[in-house]
Amino acid sequence: MNQFVTNTKNVIRGKYHPEFLQNEVLADIFAHTAQTLPDKTALIEADKTLSYGELYQQALIMAQHLALKGVKPGHIVGLWLPRGIELLKAQLAICLSGAAWLPFDMDTPADRIAVCLEDAEAVGMITTDEWYEHLAEVPQTKWTNTELQKPLSESVSLAKTTPDQPAYIIYTSGSTGKPKGIVITQKNICHFLRSENSILGIQEQDKVYQGFSVAFDMSFEEIWLSYLVGATLWIAPKSLVSDPERLCQTLKQEQITVLHAVPTLLALFPEDVPNLRIINLGGEMCPDSLVDRWALPHHQMFNTYGPTETTVSASLELLERGKPVTIGKPLPNYGMLVINSERELLEQGETGELCIFGPSVAQGYLGRPDLTADKFIENPWAMSVEEELLYRTGDLAKIDEFGQVHCLGRADDQVKIRGFRVELGEIEAALCDIDGIGTAAVILRPEDGIDQLIAFIAPEIDAKQAIEIKELRHNLSQRLPPYMVPNRFEIIEEVPRLLSGKIDRKALKARPLTSVVDRSESDQPQNPAEEILFEILNRLFPNMPIKLDSDFFDDLGGHSLLAAVLISNLREHAEYSHLTIQNLYQARRVGAIAALMLEQPEPTLFDSQIGQDNPRNQTYKWLCGIAQLVTIPVLISINILQWLAPFFTYHYFTGGTRDSIPYAIALSLLVYVSVIMSSFVLSITVKRLLMLGIGAGRYPLWGLTYFRWWLADRISNISPVYLLSGSTLLNLYLKALGAKIGHDVTISSVHIRMPSLLTIEDGVSIGSQVNLENAKVEHGHLVLGSIHLKQDSYVGSYAVLEENTVLEKQAHVNALTSIEYDTVVPEGEIWDGTPAQKIGHIDEQAKLPERPKLSFIRKIAEYGYYGVSALIIACLFFIPIFPSFLLVDWLDVNVFNINPNNHLQIALYYFILAIPASAMMMMITAVISSGLRKIALPRLEIGTYAVHGSTYYRKWFAAQILETSLQTLHGLFATIYAPTWFRMLGAKVGKNTEISTATGVIPEMLTLGEESFIADAVMLGDEEIKGGWMSLKATKIGNRSFVGNSAYIADGTVLPDNVLIGVQSKTPDNREMYDGQTWFGSPALLLPAREAAEKYPDHLTFKPSIKRRLMRGFIEGLRIVLPAALAIGVGYMIVLDVIDVINNYNIETGLVALTLAGLLYGVGCFLIVALLKWILIGRYQPRSAPMWTMFVWLSEGITSLYESVAIPNFLNYLRGTPMLPFFLRILGVRIGKDVYMDTADITEFDCVSIGDRAEFNSFSGPQTHLFEDRIMKIGQVNVGNDVVVNTRSIILYNANVSNHAVLGPLTLVMKGENIPAKSAWIGSPAVPWVHK
């Protein structure tokens, strides 16, 4: 029997190895290793080590002491010591004495220790001198590890134990309220060690990490498998066990080769640990995403499964990428099968209860014959004496056709909380022991997205006093570990039961948590602030007692939306308008919130500086508007000429019998390159001329200076600056615009409003999509100011710097940080968050190598490399349009051959022909971009690279390929095709993942888990460039995690499963994040609870049918190709028209016709989108809709067309003009008089209301929808009169910004939040703006 044996009814067995069944005990195994390898290091703890010989001799002395105190084979000895060498020495001593150890975790309550010792009839307990007093109530004899190590005058002989005697006892949660002890014999454990290691293959040369508590039986894999082969155990300190990032580094430093861990811990490691030879996982389910990340060629990654009752593990699987994660097949000499409730054997593929048999199955529970008879039953399918006992695990499972076992969760009332097995009955029994409680039932159910223990309590009929929840918590915390204390207690008259008499847990899970509470239980408010607070809380929580020490989240059940509502209601009272949502999260308790209400706030920016609005000059407004109206057609025409000129060239030189298509293509590319070069020259020249003589200051809105600035700003947008991002050419371009740029400056990408007022000194590093906003409009004025970045300063990605700001030498501004106007960041300081605050002093430069030198020759060479590369890339991505032309022409001549009679027919005809041509162009572009990236950068590894080195150059080239391709493929984002596109680029993307407009992506470094969601404008894992070096780290997003709009995810982030990162927020340190958490803000703030999403069926959210996938695929396919088809169709119409004009008149007249055609094209693009919006959607209303529904597809389609057709071709040129509000009204926006809009970023137009004289600066706007849990939620945004919204500020739906309010840069107004009138706010989340 050397192979797996599987019969047709689901009985599978591991390989048969009789040599693993030896007549031995653990003491024999250790003694053999100690004799064979006496000088080999056995244990390492910090700077202490013990060899196997030393450990054996020292443990032997302790064992002899125990023998002198009467300890014999068969006895039980408790073990309660801090982790370390002394603990393992005591464990071995008990083993050598012939007794069995009963281990306890360091944090186990003394009452529970006493219960277990009494139940096990332990003869004594080993502990420390310090802990001795905690066991005063324990009747058993207690020995300290110090006294057991005193020298002996003479040697003491030790009695020999037998294989059938106990080796150790592990206590787990018991369903009757009493913990149950599982006795593992010497035979059980010795067989297990040899069986499992025959597959794991731990060797003498290995260095094994020891991190588990000895009360958790996975620790025996760490300890005793090492003892079996003579490996070295490295004992982790307690502080390291809970710090995954530091642990990861320590594993590398200590060159650990074997890691036994739970999957949750491994998932939190920020990077690979190459020296790990074996990774053995167990204790909980292992997600596929973890396998994708860690199942690498240099690791052997195993998944083990087994209850304590079968000795640590019973099955094992070598995990490989691309294979489903299972618990594998039985270990050698073990067997598994699946039965139904009638204990009948089930066929392959059928789900039932998993059962285990073999020589390592325990004999039962200590002193619990009834429970033993229920769980350990006779095995009718046994083939030997060793298989006669069958253990019923209580886990649901099935066995597939390959003999792999799939574990599907618990079948009984046992649950897992944070990795701990918990019998609900034990909690219920502890509750029933409390006076006044008649019956109790405990269930596990999700509340606000988090699994929580809910206790339902029926009081005794003749109870003398009411049940006090606080007293209940205190009582239980004395008897149970913290993870077993229920999160919530519900008082009910009677616990529902089934006909069988058992508790009806299904009814409890469905029962609303709305028990009525007597208001007399509430505290009485003692001052006006408390009266107002209690009145609002009573409205929000109508059935809850309100006490001053009640926690808003834990006791009252508050969540994110209720937090916003509470603060908004309090702000309606002028004296409390300074309160913030952040205050609530920090204070939490009702009394602490009331105390904050009484604090005197600091004077805000509004109070001190900008309380008065300035009247707008209507004459200036209309004169400026007329001037803008004259220039806009020219701007649109210049923009359209960039693609229409080569389009025209191609068609002008084709069509005749002697025309050469290759010649036409070459000439078109030459024209395309010329247009690109000319656009840079034009934008530089015109901007320098327009801004001549304009300096820092305040200028009237709509005045002459404003018009000159507006026109210069608009014309600078015509050149494709994205081609220069991250290169030294960008510095050259900014210099040409008037900026003062020093030597060896690195700029990834910036948005600069006034280059002539920008100074960047030597060695400065600037991240991606940084806003240098030294121009803004507020209160009827254009405000211009300088920005000065001094030597070696640093600005992180997505940061915003306002006018008149200075960063001193080596000042460090973190990502997603706002530096408000008139701010100086001192030398060497690190500022973070919005509003920015000092968080430390820079020492990062000391960690980096010396800045690589940039010689003059290399600088010139880089100019050449970046310039030629940029033009080559631009041409490569223009080339796919020519096959589309050929296809259109071929379809025109060979398939349709129709001669339209007018311009509208021509446009429609060529638009239809262009649809398949556009699809082909998209596919060619996708293939070219993914292929070129792999050629340019075949392999990219984690590390640090010089920005003036080959890796950076190649990485830049690959990044530019991606950036340039997105000019064509932008429509792929937020569609069903986006994950495939990211996979083509090299990212690891799980099933059913949604990806919107993610930026900064390094595909090779990105892993997205299954069913994760990346929202709009997320900066996702971009590289950090600082001090002349580029750092690359892997970024991982866990399964079902959500990253909100405009969030910043730093490279190296490892986001656990089911985590939500809020809008315009960033993540905390990896070690602070755990499954199921919600973080928002900058800096990140942990949200205790968030608003529960409306429930929809799975087929509308996460698990759609094939039909819905096909329908969405079709609609989104059209949405991708239609913008390009529209451009090609209109392009044909314009080209044919202009060729006709040139042939009949002259080139000058043709250029005029081309300009007019460009204007009509821009207006037409807007009108088409507006028409489609009203036909397909009608008027937007507040609502929610699951993702896999027609409304969402159509709405997202309209948004995509608006962003890809209407904005770039028309509305962008209306930003900052009096005309933009008019066109937004056509789309449905309710917008007042004299509104200034430097943004067109609005989606659900009808849900936006903007008051008179409001001012929206660039990249700001209302956000009327969010996706959470695959549900699109739409709400109203109301902005009052005379409101100022600064750069990159977002107002979420159901929020209200009252009259005369000011929102600073990078500010987030939360859902349901109300910003009071005549106040100034800044930050994410918003806080009163106190300018310092």
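Indices start at 1 and increase along the chain as displayed.
Here the Cβ of each residue, glycine as well, is placed from N, Cα and C on the backbone.
Note that the coordinates shown come from a computational prediction; the quantities given were computed from them, not determined experimentally.
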According to Swiss-Prot, which candidate in THR232, THR304 joins ASP217, GLU221, VAL312, SER313 at the L-ornithine site:
THR304
May I ask which residues of the same chain, at least 6 positions away in sequence, place their Cβ under 8 angstroms from the Cβ of THR304 (L-ornithine binding site)?
GLU196, GLU221, ASN280, LEU281, GLY282, VAL312, SER313, SER315, LEU316, ILE327, GLY328
Secondary structure at SER560 (O-(pantetheine 4'-phosphoryl)serine), reduced by DSSP to three states:
helix
By a Cβ-Cβ criterion of under 8 Å, what residues six or more beyond either terminus of the transmembrane segment (1120-1140) are in contact with it?
643-644, 647-648, 651-652, 881, 884, 888, 903, 906-915, 917-919, 921-922, 968, 971-972, 975, 977, 1150, 1153-1154, 1157, 1161, 1164-1165, 1168, 1201, 1204-1205
Cβ packing number for THR308 (D-ornithine binding site), 10 Å threshold:
18
Cβ packing number for GLU221 (L-ornithine binding site), 10 Å threshold:
24
Hey, for the D-ornithine site built from GLU221, THR304, GLY306, THR308, SER313, who else sits with CB inside 8 A of the CB center?
PHE192, GLU196, ASP217, MET218, GLY282, TYR305, THR310, THR311, VAL312, ALA314
How many angstrom lie between the most widely spaced Cα atoms of the D-ornithine binders GLU221, THR304, GLY306, THR308, SER313?
12
Taking a Cβ cut-off under 8 Å, which residues six or more beyond the ends of the transmembrane segment (629-649) line up next to it in the same chain?
664, 667-669, 671-672, 675-676, 679, 682, 711, 714-715, 718, 720, 878, 881, 1127, 1131, 1134-1135, 1138-1139, 1154-1159, 1161-1162, 1208-1210, 1213-1214, 1217, 1219
For GLU221 (L-ornithine binding site), name the DSSP secondary structure in the helix/strand/coil scheme.
helix
So if I exclude everything within five residues of the ends of the transmembrane segment (664-684), which remaining residues of that chain have a CB under 8 angstroms from its CBs? That is, six or more out.
638, 641-642, 645-647, 649-650, 653-654, 715-720, 723, 733, 736-737, 871, 874-875, 878-879, 882
Same-chain residue ranges lying at least 6 outside the transmembrane segment (868-888) that approach it to Cβ under 8 Å:
646-647, 650-651, 661, 665, 668-669, 672-673, 676, 720, 723-724, 727, 729, 910, 913-914, 916-918, 920-921, 924-925, 928-929, 932, 957, 960-961, 964-965, 967-968, 1128, 1132
Let me know how many other Cβ atoms fall within 10 Å of the Cβ of SER560 (O-(pantetheine 4'-phosphoryl)serine).
24
Hey, does DSSP put THR304 (L-ornithine binding site) in a helix, a strand, or just coil?
strand
